[in-house]
Amino acid sequence: MIFKKLFSKGSTSPTTRPRGATFSGTFPTDVLSDDGSGTNTNGLSNSTTNPSSIHSTPTTPTTTASTNLTNSNKLSTLAPITNGNRSLRGSKDGSGTTKESKKKVLTLNEKQKLLLKSMEYIKGSGTYYGNYMEFYEIPIQIYVGTEPSETYPSLSYNTELRSLILDFNKITEIPEQIGLLPNLKHLSLAANQLSQVPEFLSQLKSLESLELGINQFTSFPLNICKIKSLTLLRLETNNIKSLPDDFINLENLKDLSLLDNQLKEIPDSLPNNIEKLNLGCNDIINSYSKSLIRISHSLTTLNLSENKIEVLDESLSCLVNVKTLILDCNMIKVIPGSVLGSWKSLVTLNLPHNFISDLPAEIVTLDNLRIIDLRGNNFEFCKNYPSSESSSILFKIEEFIKDKEKLKSLILKENLEILSKLKDDNSTTTTTNINSNLDVPIIITTNIETIPTTSTTATTTETTNDITFKISDITEIIEKTDTTTTTTTTNQTDNVKLEEKVYEKQENDENNSVTLETTTTISIASDNTDEASIQIPQKEDGDKENLENDDKLLQESFSENNNNNNNEKQQEQQENPLKESQGKIQQLEEELEKLEQKQLELKDKIRLEKIKYQEIQQQSPRLSQQENNQEAIVVNTQPSSPPPTIIVNEQKSEKLENEKPTKREQPMVVVTKNNNKAEVEMTAPNQLIFWQSIVPDLIIDKLYLGCRECAMNKSWLKDNNVTHILTVANFKPLYPDLFKYLIINIDDVDEANIYQYFKEMNTFIDEGREKGGVLIHCRAGVSRSATATIAYIMMKNSVKFQEAFDITIKGRSRIYPNRGFLNQLKKFEKDLSK
């Protein structure tokens, strides 16, 4: 790996220039001066009169301190000092001629004085910002107050200051005077040149938040372990390899970020009450950790992205309270179902840019899951879809699951558990989300006693409580039954016995009747009705006594026959144990054969009903959310999910068939009252699935230009035979074992000298194209990487800047190199002509 560094880690980073509009056509020639200096004959810096397409030269930023400032945007670039309109070259008078505008040019000393004046601390302020000020030490002006210091006579205790933010400076140490800020709660010294934390910092008993990212720590600063009051600690982008044992003593710590360090494993000394843990961009290989098990009671957010994890250990099943799990850019091939199924609190699951080709069926049991990121994996069925398509419209989560049989089994189990709860509650109001992931709806009605056998869907005389789930679920009941019973739901337990005879094939529009224990029955319609359903209607009062007598006689007959058979079997068992065993085997084989035959018959019926249902569904769309006579009632089903809405429509079913569907933004329960019968339909909660991958643009043969995410998409890069990656930014290689990298550490600012790297980058690009292919990228794929691409085309094709620019923008229309880079490309054009 080749690594180039232009600025030291703690050097000042100038302000970010404004990003302009996309070029379309010839680049304006007046932007470039003949000598490449970026100035015109009028002595003013080059800029266009269109504010949306300027690249202004950064100026030193300023900031103010006031009591109403917050630390929510402390790392952002502050507003630069301006003097008039910097982008205006001249103004037109009434005659239409252009006059040069006068612009006062501040000297360096004047700028510094103005900055220092603007940074004067206002006595009594609770926050002080001093970002990008090139401070070499903490300014002493903040030590003002009513109580003078005995140790430092010229300074005073400042009891008002709560937040001190001095990011992106050149501070090398924390002074002892920091003790004069006894009520300081937030201290941020990110992007400085610190290498140690002094012990006296622990004297700040109110300090809760400490941010020391992007400094020069080669090991974890031990004195941090003595600051017991810390609740937030950030040490991103240092060279920390491990954590000390005493770190576990920070019992108040809830938010810890060790992003972009050199950790080889998940530390064992994590404090007990961590809620948010960021270990991304390290070198972690093993996902097993004792500390994760220990803190699982409090952990809600875990980031393990950009590591080298290949296997998710079974111990990760302890993450029962995690709501956000980030596993981007690892080497994961399989997600164990036993692990995934235990993440019941999960709301956001990020798995982009791994090697996953299948999701476990257990993912459908995660009721709180709302966002699933699957970009850049190996799901074959969606590779040919354009990335512009909406994933939430095209695909459902079930399509990413290969084990459909297990999927149906899990859905059935979940629905039966819900049905059992509804029976136990003996409620007439549906408040539970029924999983409706499969195709055909089934209606189950509770709170009734018996069921008549009919050839059509019965209409009850009283309002019933119908709950929709899918007909495919019933297949699993048949597959797992014996000759006499099958498992569903009862009032006392989770089992309901379905008698074998209900599954015998019926002809001539006869239905299969199933009698449930206690007061609930299920009827499976097997004729060619318009909609396959399982329904439990209320029986007529006139038939009640006769049906009860018939049931009693039938039960007595079964009981007598069973007793006789049991007595005979007991005698045979006592006489010949061997015969008993053989008989059991034969009996089980016969039962298995019958069940297999019944399973095939029912599967064939289900298949035909699904086809018919889909045809009917296309002709008559579902109930609209916003049509006539709606009455909405909010019912909470899950604590972390949006509440479903119940919409009651008292209207004829013929009218419902003609209504157009509307897009539903939340889970929905639709109750339709028609002829004194209530039908309830519950739609599954919406899930946002990201599957589209961002891919780079092909500029010329075997040369791709893109953003940083394109460099993350290793599956696409491997599929397109990319072997080399040129990174024109300060990003460490993501996959050094898969690709060869050249890192050019340079900022996207006008003053940066990218010209000096043209020769080295061109050689690397040539090598990559010879080996298979090369990707050139920066953060956005707009300025730095575009400049490198243009320079290579100028050299390789022996063309001028404008022609190389046109070739590049044709392949990637969003490119926009900054003004300084454009001037250097113009200079490169002159050098090539020599």
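Cβ from N, Cα, C; glycine included.
Residues or ranges marked as active site, phosphocysteine intermediate in Swiss-Prot (evidence: sequence analysis): Cys778. The coiled coil annotation in Swiss-Prot covers 555-615 and is backed by sequence analysis. Per Swiss-Prot, compositional bias 'Low complexity' is recorded for 36-78. According to Swiss-Prot, the feature repeat 'LRR 4' maps to 229-251. The repeat 'LRR 5' annotation in Swiss-Prot covers 252-273. According to Swiss-Prot, the feature repeat 'LRR 7' maps to 298-319.
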Request  = Count the Cβ atoms, other than its own, that fall within 10 Å of the Cβ of the residue listed as 'active site, phosphocysteine intermediate', considering every protein chain shown.
outcome  = 26
Inquiry  = Quick test of the contact rule: Cβ under 8 Å, at least six residues beyond the ends. What residues does that give for the repeat 'LRR 5' (252-273)?
reply    = 208, 213, 228-246, 279-292, 294-295, 298, 303-304, 732
Note = Same-chain residues at least 6 beyond the ends of the repeat 'LRR 4' (229-251) with CB under 8 Å of its CB atoms are 190, 204-220, 222, 257-264, 267, 269-273, 278
Intrachain neighbours beyond the repeat 'LRR 7' (298-319), with Cβ under 8 angstroms and 6 or more residues off its ends = 254, 259, 266, 272-289, 292, 325-336, 338-339, 342-343, 345, 350, 734
Ask   = Do you know the DSSP helix, strand and coil residue counts for the repeat 'LRR 4' (229-251)?
value = 5 helix, 3 strand, 15 coil
Inquiry  = In the three-state scheme derived from DSSP, which category covers Cys778 (active site, phosphocysteine intermediate)?
reply    = coil
Remark   = What DSSP reports for the repeat 'LRR 7' (298-319) is 5 helix, 3 strand, 14 coil
